[in-house]
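To keep things clear, I will list the structure first and then write my remarks on it.
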Amino acid sequence: MAMNFVTFNQDYSYLAVATSKGFRIFTTDPFAKSYETKEGNIAIIEMLFSTSLVALILSPRRLQITNTKRQSTICELTFPTTVLAVKLNRKRLVIVLEDQIYLYDIQTMKLLYTIETSPNPNAICALSPSSDNCYLAYPLPQKAPPSSFNPPSHAPPGSTHVSPTTGEVLIFDALKLEAINVIEAHRSPLACITLNSDGTLIATASDKGTIIRVFSVPDGHKLYQFRRGSIPSRIYSMSFNTTSTLLCVSSSTETIHLFKLSHQTSSREGSPSSALSRERAASQSSLGTSPDPDDPTDDMESSEIASRKHNGTLMGMIRRTSQNVGSSFAAKVGGYLPKGVSEMWEPARDFAWIKLPKTNQTAGANGNAGSLRSVVAMSNNTPQVMVVTSDGNFYVFNIDLSKGGEGTLTKQYS
């Protein structure tokens, strides 16, 4: 039996696992099996909070909404191409295909809106759990340049978008069904984005994986930026705690990082949060790694991106509004700093970290293909981090919220 997919529900009280032989649902505190079925090869599973409603992808293009309590099927939908991700909150159901996003009213299952996107094979998309701040975030679609080539009449229509070359995030109001902002998060294409439980913060990481940034939603002010490390790494999972005071990040390395969201670690101050972080920073710099292309000390890129013109388009209007707000904010804060320094601060390091136990899969992993994948979440009731790995292990680590430092493994299940 192979594990195909694993996810926490919106408040991290449940864990859902899709396998080649059905799916399982567990409570996280205490950890215990809540529901199991051994039928079907389930590619993706998503829960709606702690309800009995579950969304399943049974074949590449077929979605089934199931009531686990009644053991009944509510509805089934078939899509034109492979479903790559499913997102739920109490208002909306979001289906992510490689070049489209479908939005449904979750009460009636009526299709409300279809969004054309750039190719998005990694299904980079986030839906706020909040019903009030019901925002959807995804990479800004990039239009394909005009082509003089005329395909034959029998050829299928070509794509109107190309893969993104920068890390810009579009914020879409899923209730009003309109785009409301574009956040210029990174120079490199996005690898991971996540929204907090209130829909007021978004964390972003590029495919470099060295710098994590946090912006306010929907206005797009940059509030925090953190350094995960100096060596590029694939970011697999990011998760805010329910009070949005901590951000947990897992990657293709064996270290999981926790960053503290407080005034002291805002992007304008950016000092390392502990002596331990400074020691680890020094040891990493001694490796002689090259500067990170996504490092904010190279943030002169912001002015280059901002100077691009987007006249006559909705995205251009959104972008100019965002830039005007951001410029006035930066001008006020930057006035207190020497010229040339206000855009060149050192990002804060992690407040705490976790080392995953060595397993057969992690042995020899070097951060490339074949490394251990992980999904992270933080407990609502205790200062604990929950980690699920692709080799089928569930770990619980204790974190010292006053001192930070390395987390302690307290529980393990497989």
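Including glycine, each Cβ sits where the backbone N, Cα and C put it.
The feature compositional bias 'Polar residues' is assigned by Swiss-Prot to 262-289. The feature compositional bias 'Acidic residues' is assigned by Swiss-Prot to 292-302. If you look up Swiss-Prot, you'll see 261-314 marked as region 'Disordered'. Taken from Swiss-Prot, the feature repeat 'WD 1' covers 1-36. Sequence annotations record features per position, and here Swiss-Prot assigns repeat 'WD 2' to 69-114. Summarising the annotation, Swiss-Prot assigns repeat 'WD 3' to 185-225. Feature annotation from Swiss-Prot assigns repeat 'WD 4' to 230-269. Among the features that Swiss-Prot reports, repeat 'WD 5' is placed at 309-355. Look at Swiss-Prot and you will find 367-407 tagged as repeat 'WD 6'. Residues annotated as motif 'L/FRRG motif' in Swiss-Prot, with similarity to another entry given as evidence: 226-230.
With helix defined as DSSP H, G or I and strand as E or B, the repeat 'WD 1' (1-36) counts 0 helix, 25 strand, 11 coil.
Counting residue by residue with DSSP, the repeat 'WD 2' (69-114) contains 0 helix, 27 strand, 19 coil. A Cβ distance under 8 Å defines the sequence-distant neighbours of the repeat 'WD 6' (367-407), meaning residues of its chain 6+ beyond its ends; these are 3, 6-8, 11-13, 15, 17, 26, 28-29, 31, 231, 233-234, 236-242, 246, 248-254, 256, 258, 260, 273-274, 276, 350-357, 359-361, 413-414.
In the predicted model, residues of the repeat 'WD 5' (309-355) average a pLDDT of 54.
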